[in-house]
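A.B. asks: Structure provided below as structure tokens; questions to follow.
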Amino acid sequence: MKTSLGWDGEAVIAVDQRALPGEYRLLRLVTVDELIGAIQSLAIRGAPALGLAGALGVALSALRRTATGNGVTEAVTADASRIAQARPTAVNLEWGVRRALGRLGDGPDAVLAEALAMIEEDTATNRAAALRAADLVLSLTERRPLRILTHCNTGRLATAAGGTALGAILELAERDCVAEVLVDETRPLLQGSRLTAWELGEAGVPYRICVDSAAAAAMARGLVDCVLVGADRIAANGDVANKIGTYGLAVAAAHHGIPFLVVAPESTWDRTLPEGSAILIEERDPAEVTHCAGTALAPVGAAVYNPAFDVTPASLITATVSEERTVSRPRTRDSGT
Ligand code: MRU
């Protein structure tokens with residue numbers, strides 16, 4: 001499979017991101033409940049991939065409900081609503097569901113065609129954003145080759161293909177402009193050390209896994225020329241929800257005068273929300289923090305604060321780059337470039 005998500009004629013196929021880096025295995029999801037389970041357990045994760053999974057889930061529902069009986073529209077609409085609510089923070093999920101559901105009137109094959117078109121589009125979208133972001137990084141930095149810090153996983157696994165922030169990093173590496181990528185481990189589920197490190201290794205790009213709490217110290221020691229991250233939801237004023245820890249990186253980058261770039265598709269913008277404080281932040285199972293691979297790391301019954309995301313104010317972001325435009329700060333206007 002050349003994309004991280006696909007369709008085999010009867011079921012959704014997805015890379016099981018829980019199994020990496022130990023094992024590259026594909027999931028075959030034949031019911032909406034299985035798809036929702038894959039989203040909630042982070043087998044499928046990353047905002048653009050969630051949008052595509054949402055669209056494929058609606059197609060799965062439309063095909064199965066049409067084959068089995070009456071009340072198709074009501075049943076598919078109810079399934080679509082359950083899929084859209086599987087995780088609350090990444091707006092791409094509800095965007096993908098809504099877009100696929102919009103084709104239901106034309107029949108289940110049209111819904112599937114829409115979902116598959118979205119996979120193709122996402123690949124092209126990421127490529128355009130990555131090229132734009134790579135050019136911008138080079139215009140904002142002087143040192144060559146660069147030392148780039150990134151957080152979570154924004155690569156091909158988190159999208160159909162190509163990646164967003166990691167796509168830009170890979171593009172810079174193609175141009176021989178990357179000395180090293182510092183990959184935040186991204187606790188507690190380690191999307192950085194498990195997935196981003198795996199993708200960089202696959203691409204042959206030099207990296208070091210960075211202890212999350214060492215990122216600010218790395219900036220202070222002059223080891224970081226630029227920070228590149230993705231996004232799960234961007235409010236109308238440019239505030240960005242992304243993986244927990246992103247806000248702290250932005251504060252540290254601003255303190256050290258290091259460019260801090262967000263790379264995300266237009267579908268990640270939520271203009272219905274005026275600012276980031278209105279973004280619903282997912283809180284996840286305490287066991288993700290208190291346990292590692294089944295082994296307890298904390299006292300039994302320890303209380304836990306485990307938000308999956310935080311919000312970075314637009315004022316801390318040097319630029320937010322999509323396939324269409326670059327929104328630069330501290331200027332608050334859309335540069336349109
Ligand atoms: O909880 P996750 O792993 O789905 O969180 C993912 C992130 O925060 C990513 O940075 C974001 O979705 C962008 S992926 C291109």
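Glycine too: its Cβ is placed from the backbone N, Cα and C atoms.
Note: TrEMBL annotation is automatic and uncurated.
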A.B. asks: ARG45, GLY46, ALA47, GLN191, ASN242, LYS243 bind substrate according to TrEMBL; which of ARG82, ARG87, ARG221, ARG271 goes with them?
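C.D. replies: Answer per TrEMBL: ARG87.
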A.B. asks: Other residues near the substrate site, CB within 8 A of the CB centroid of ARG45, GLY46, ALA47, ARG87, GLN191, ASN242, LYS243?
C.D. replies: LEU50, ALA90, CYS152, ASN153, ALA158, GLY230, ASP232, ALA308, PHE309
A.B. asks: Among the binding-site residues listed here (GLN191, ASN242), identify the one with the smallest other-Cβ count within 10 Å.
C.D. replies: GLN191
A.B. asks: Which of the three DSSP states, helix, strand or coil, fits GLN191 (substrate binding site)?
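C.D. replies: In three-state terms, GLN191 (substrate binding site) counts as helix.
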A.B. asks: Could you tell me the C-alpha distance between ASP232 (active site, proton donor) and ARG45 (substrate binding site) in angstrom, no decimals?
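C.D. replies: Each residue's Cα considered, ASP232 (active site, proton donor) and ARG45 (substrate binding site) end up 11 Å apart.
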A.B. asks: Within 10 Å of the Cβ of ARG45 (substrate binding site), how many other Cβ atoms are there?
C.D. replies: 25
A.B. asks: Which residues of the same chain, at least 6 positions away in sequence, have a Cβ lying under 8 Å from the Cβ of ALA47 (substrate binding site)?
C.D. replies: ALA90, VAL91, ASN92, LEU93, ALA158, GLY230, ALA231, ASP232, ARG233, ALA264, THR268
